[in-house]
Every structure is written in C-alpha cells, then in structure tokens.
Amino acid sequence: MPTQIEAVKPFLKWAGGKTQLLDEIDEYLPFDDKNITKYAEPFVGGGAVLFHILNNYELEAIYISDINSDLIDTYISIRDNVDSLVEKLGELEELYLSADNYGRKEIFLDKRMRFNYLKLHPDEASMVEKAALMIFLNRTCFNGLYRVNSKGLYNVPAGRYKNPTICDEKNLSAVSNKLKNVIIVCAPYYESDKFIDDHTFVYFDPPYRPITETAGFTSYTENGFGDIEQENLAKYYDKLCRKGAICLLSNSDPKNVNPDDDFFDDLYMNYKVNRVYANRMINSKSSKRGKITEILVTNREKK
C-alpha cells in the first residue's frame, strides 16, 4: 500500500506534464510487487510522476535523468542547496512583484539575458543562480514554456501575470528533502541502462511525436526527437523488458488526426498499447486545449 508522507508537487510548469494523467498512470505502477524496489525516469521533465511516486511509495533507489542541463542543474540545486536557492528566488519575487507591467517586462528580459549568459559560461559557483533564474523565468514567461533557439539560448517572451508564485519555499524545501537520496544525472536516456535491472520500474516520457505539422514542442534542448529517435527508443524499451524491468511509456496518439496511422501500434506490437484521454495543456489558444487520446505502452497489465 502507498505510504503517504509530506506531499510535494512539480516546481516547474512543463510542456507535456503528467499531472492530469496521474490517476491513469498509477494503475500501472508495479510497487505492489515486492520484487520491484527501484525506479528510473530517463526523461524526467517536470517530474509529476516522480513526485507522485515519492509522495506515495518508499523505494530503495531512484534514478532520474534528462539531457536538458538547465533542468538537471535545477533539480541538483534544489537537492543540495535549497536554502541559497530560496533566498535568491525570494529576492527575484520581491523585485518582480513590486514593479508595474512595463517594469516587469524589463526585469524579465534582463533576467533572461543573465540566464543565457550563465548557459554559455557554466560554472559550479553560478549553478544556484541559474537554477533560481530557471524557476523565475518559468513562472513569469509566456505560457510556462521552456524553449531554446538553434544556438541553445532560451527565447520565450515575457508573460503577464497579476501575482505569480515565484518562490514557493514550503514546496521547494519539501522537494529538497524528497530528493536527498535520488540519483540525478544529465545524460541521454540510454545511459540509464547501468542502473536498471529486474527490480526496476522504468517510466519513459520522451518528447512526443507531433500529431500535426505545428504541434511539436520538442525544442527542450537543441536536438530534435524525430521518428528515428522514437524507433531507437523502442529498441531500448525492448532491451529493458528483456532484462526483466517493468516498463511504461507515454506518447502522443497519431490516430487523433489520422485513424490509419499505426506508427506506435507497429513500433510496440509486442506490448500493450493503451489509449487514455488527456487535456492539451500548453497551447496559446485556449480553444485548442481540448481532450485528446495519448498512448501508454506497457509490458505489464493494470493492477
């Protein structure tokens, strides 16, 4: 049975975040099997599934990774230096909330420039500052996006918010406590292989395959994630299943726009491809945020 401790929630808004799918995903969590004592999430993103697991289950070991170094540096800063991070965020919040709309936009652009400077000149001493700016920009940018241009620079415009929560000290402190024993790595998904064995549950939440020409939000890093990458990921999924791991993978459902598109059904023909309803969350037009189906690929039946 789940063990409810101090609840934590994602500290970033994130494209493709899984908060609204947690009930469906929970049905596939295998922790009722006492043989499953480890968890790996190689595309951690905003961490909704990670935090759900940390809130409800006690495991022996957890591994998370992502190739987005800004994201991973933020996780590490929260785990290792949360007091300094909260102090910097508090200063940013006070500065932003005391300004008028024009001043807020100027502050945003100034902090975005500083963030991009730190991206180009990374060093350990400035990691906490960059993490604070990452959270600040996420909370004050347009639609909560993280997007970079071809040079790898963050280029999301300013948003307009009346009273955004920039420094959620209580949640950040709780997240820091939960992450104390979590292995956090900036690495491609396939490097998780060293951690994963037949005692491990693995959840994959890769960049989704676009279901229209303009729907893809895969620019979380400079590198895209096309069909070849999806096919390589499917091979890795199969490798881990043969290793004895229990695996679950999320992705878009191309049948929303083309009922004859069997891309994922063919790619994962040896596994169960389930379809669940999800709300489109990050879209500039609220009228386009309706319910669509997504897929959950699993090598294990529901609880």
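Quick reminder: no glycine exception, Cβ is built from N, Cα and C everywhere.
In the three-state DSSP reading, ASP205 (S-adenosyl-L-methionine binding site) counts as coil. Residues or ranges marked as S-adenosyl-L-methionine binding site by TrEMBL: TRP14, LYS18, ASP66, ASP205.
What surrounds the S-adenosyl-L-methionine site, by Cβ distance within 8 Å of the Cβ centroid and not counting TRP14, LYS18, ASP66, ASP205, is the set GLY16, GLY17, GLU41, PHE43, VAL44, GLY45, GLY46, GLY47, ALA48, VAL49 from the same chain. All protein chains included, ASP66 (S-adenosyl-L-methionine binding site) registers 24 other Cβ atoms within 10 Å of its own Cβ.
Max Cα-Cα distance over the annotated S-adenosyl-L-methionine binders (TRP14, LYS18, ASP66, ASP205) is 16 Å. If you take the C-beta of ASP205 (S-adenosyl-L-methionine binding site) and look for same-chain residues 6 or more apart in sequence within under 8 angstroms, you find GLY16, LYS18, GLU41, PHE43, VAL44, GLY45, VAL49, LEU249, SER250. Counting only same-chain residues at least 6 apart in sequence, those with a Cβ under 8 Å from the Cβ of TRP14 (S-adenosyl-L-methionine binding site) are GLY45, GLY46, GLY47, ALA48, GLY144, TYR146.
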